[in-house]
Amino acid sequence: MTTGTFYVGSRLLEPLCAVIPLPIDQLNFLVCQLFSMWFGHIFRTKMSPKIIPPYYRHITEIVVGLGLSYFCFGYQMLHMFAQSTMCYALMKYGPETSRHVMVFVVGLGYVCVCHIYRQYYDYGGYTMDVTSPLMIIAEKVSSLAWALHDGSVPEEKLSSDQKTEKIKELPEPVTYYSYIFCFHGFMIGPLVFFSEYRDFINGTNYDKPNPSKVSNGTKDDCESPCPKDAVTKKCIQAAIFSVLMIITPKIVPYEYMFTDEYLYESTFIYRMLYMLVSVTMIRSRYYLAFLLSEAVNNAAGLGFNGYDSNGEPKWDLLNNVNIWTLETCTSMKVNIDSWNIRTALWLRRCVYDRVPKKYGVWPVFLVTSLWHGFYPGYYITFLSAAFVITAGRIIRRNIRPKFQTDETLKQIYEVITFIGTRFANVYLCAPHCLLELMPNLRLYWSQYFIVHVVSAAPVVYYTFINPPKKDKVEKSQ
């Protein structure tokens, strides 16, 4: 279906679509982000915690957030209210021993139902509907429920992470809905955990001493740093990636990987190289979204993370992607950890840290597949990634030590793993772009399932043929 028949947000700016080459849903998104950046500056400077009480900052967040939600999503914003209210009721009235699990299931389940509805009415479409903020809300309510649960658990049973995030009491409704609908983060995040948001509203996020200044013991030592440089840098980077996003379909369209010419008439080397360039360039659209959302939050004053050793403020608390690390790393685990960082942190805190370790990373990738939707491509991508990471751990444990005996072998290992990570990344991400089952299977068949085969070799060998001795495994771990 087209945006015109599915999208229910405001049509006020539709005449501009004839001038600006964007569909109305993306234009509304861009306008809301730019408005949020402008109003975020006002919110940070004219409505800071030093000027007005936290209660009125919460009210402002709710009012502006609701207004922008209606502008972008129309009546669909009621889903945001329904999902968050159901989860709040469970946290308030649900059984203390299981409410955190119930909230996780209901929050994620609500997103799943909306994914199915959208997939039925807008199959294969990229319309920016309410499912995006619902995905963020699912992260917020589940992390909040776990923090509330951890507040009732003896401290000796908690990790340092859980001790930091735990809360003793459920927030009041105004605080809760401010957290859910905050105008600078409700659309595409990045995820902010409740303790971070609470400190931001109260102004205590700035209570971090600057090592380059001599403290005199007064509250004035903690001056509110300005995010101007960080916002400017991220906006410039976002602008660069917006250009790449526009020209990529004209140069290396990923749709070409559907065609018979690509699948059956080109050479294997050409297919691999084309996939490498095309899927790598596709990431520009996500880099644009990540950087713009970070800049919007920073403009509002959210994202401050203390000072570096030179006394310069760090605005990287909500950084959602580490582009340089992602594009140059030599490990798929590091590659994945550098992408959608805040969601990865949510998955670690709410899934990986909560399930028995014997299941490894499989529950994490199953949950992230459900969180994204029900297109087969998501499940091919994430479940294959879990398998590749499992193989990577075996390789690192059993093969890497053989290359650490001298500098030349170390360099050879780095080159091999660098190249392997580049191709594994695009190979795994391609189904995320193509979405459908049969085109992805044809694509992988044309690649001879090479990454799966290469990953299976060490798994089979070190699991069934020549498993390492138990004491060696324990020592390597």
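Placement of Cβ uses the backbone N, Cα and C atoms for every residue, glycine included.
Where the annotation comes from TrEMBL, it is an automatic prediction and has not been curated.
Taken from TrEMBL, the feature transmembrane segment applies to 20-43 (among others).
The transmembrane segment annotation in TrEMBL covers 55-78 (among others).
Sequence annotations record features per position, and here TrEMBL assigns transmembrane segment to 98-117 (among others).
Tertiary proximity for the transmembrane segment (176-194) is limited to same-chain residues at least six positions away from its ends with a CB under 8 Å from its CB atoms, namely 29, 32-33, 36-37, 39-40, 43, 57-59, 61-62, 64-69, 72, 80, 84, 88, 132-133, 136-137, 139-141, 143-144, 147, 165, 167, 170, 200-201, 289-290, 293-294, 296-297, 299-300, 302, 318-320, 341-343, 345-346. Among the features that TrEMBL reports, transmembrane segment is placed at 176-194 (among others).
Feature annotation from TrEMBL assigns transmembrane segment to 236-256 (among others).
Per TrEMBL, the feature transmembrane segment maps to 268-288 (among others). Long-range contacts of the transmembrane segment (268-288) within the same chain: residues 237-238, 241-242, 244-245, 248, 251-254, 256-257, 262, 321, 323, 327, 422-423, 425-427, 429-430, 433, 446-448, each at least 6 residues beyond the stretch ends and with a Cβ under 8 Å from a Cβ of the stretch.
Summarising the annotation, TrEMBL assigns transmembrane segment to 377-395 (among others).
Residues or ranges marked as transmembrane segment in TrEMBL: 444-465 (among others). Counting only same-chain residues 6+ beyond the ends of the transmembrane segment (444-465), those with a CB under 8 A from a CB of the stretch are 262-264, 268, 271-272, 275, 384, 387-388, 390-392, 394-395, 398-399, 420, 423-424, 427-428, 431.
Panel annotation: around the transmembrane segment (236-256), residues 21, 262, 274, 277-279, 281-282, 284-285, 287-288, 291-292, 295, 430, 433-434 of the same chain, lying at least six beyond its termini, place a Cβ under 8 Å from a Cβ of the stretch.
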